[in-house]
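Notes to accompany the following structure.
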Amino acid sequence: MEKYEKLEKVGEGTYGKVYKAMEKGTGKLVALKKTRLEMDEEGIPPTALREISLLQMLSTSIYVVRLLCVEHVHQPSTKSQSTKSNLYLVFEYLDTDLKKFIDSYRKGPNPKPLEPFLIQKLMFQLCKGVAHCHSHGVLHRDLKPQNLLLVKDKELLKIADLGLGRAFTVPLKSYTHEIVTLWYRAPEVLLGSTHYSTGVDMWSVGCIFAEMVRRQALFPGDSEFQQLLHIFRLLGTPTEQQWPGVSTLRDWHVYPKWEPQDLTLAVPSLSPQGVDLLTKMLKYNPAERISAKTALDHPYFDSLDKSQF
């Protein structure tokens, strides 16, 4: 790790501390993710190795943050015979994320909506990145604006905090004891379903889409119960007809029977094609949700010059 100079701690990721650092030889900025690893006798656990090779494979897409290399640091532990081991994942450094970007349009001296063309461009890249991950059998499971990094001058979006699903399980609280946000979590996950698939990410993509249009979260719940109420109030309480098996899910209660509202009211500035795409992302039945790959061919993107992607 001598070849990097840590400049500042930029956050506590879901899996450990994140530093902005400079590669001393080149002056290149990188993001260092320090992950805590329980070492076994053989060294790095095979699950972690699998995840890292997955990350390297996914890095081939321009819409996924690039994993540049992995540094393995041993620190002999004074208390016991074992060595404490840290794994540093070295990623390309990006200066902002979608949450900060949306906030810059909402706050500040000159608040204004994001241009429809810009939303379209960012959404296309997000769907491309998610389609890439899904085509390799990887679910993100925690997509949110904070995990989408931006190269502002190029209007380029990249998915971060990816793939560390099984070796580093997503905790309910992060290391700083911030509650991990529920705003982008799919209803089947909130209801305790253990079998979930690519639809969980597409629900999150829909919530992010609406948030770019509204400049505020679509479903800002502060508990799992509240989160479901937010969803049901807008989209109506799901029925067995709409979503077979919903009433058998672990945390299903008898909720008030709300009728669905017109989604247009939540995103008044979105074009009819945009509302149609959003509706397909926010289907209750995960099997009916549009896939990322199919979304790329949706009429909402017809006016976009796709050759630039």
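Using the three backbone atoms N, Cα and C, a Cβ is placed for every residue, glycine included.
Taken from Swiss-Prot as is:
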BINDING   VAL10, GLY11, GLU12, GLY13, THR14, TYR15, GLY16, LYS17, VAL18, LYS33  ATP binding site
MOD_RES   TYR15  phosphotyrosine
ACT_SITE  ASP142  active site, proton acceptor
MOD_RES   THR176  phosphothreonine
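Residue pair the residue listed as 'active site, proton acceptor' / GLU12 (ATP binding site) shows a Cα separation of 15 Å. Local packing around the Cβ, expressed as the count of other Cβ atoms within 10 angstroms, is greatest for ASP142 among the recorded positions GLU12, ASP142. Just so you know, the Cβ of VAL18 (ATP binding site) picks up 20 other Cβ atoms within 10 Å once every protein chain is counted. GLY16 (ATP binding site): 20 other CB atoms within 10 A of its CB, across all protein chains.
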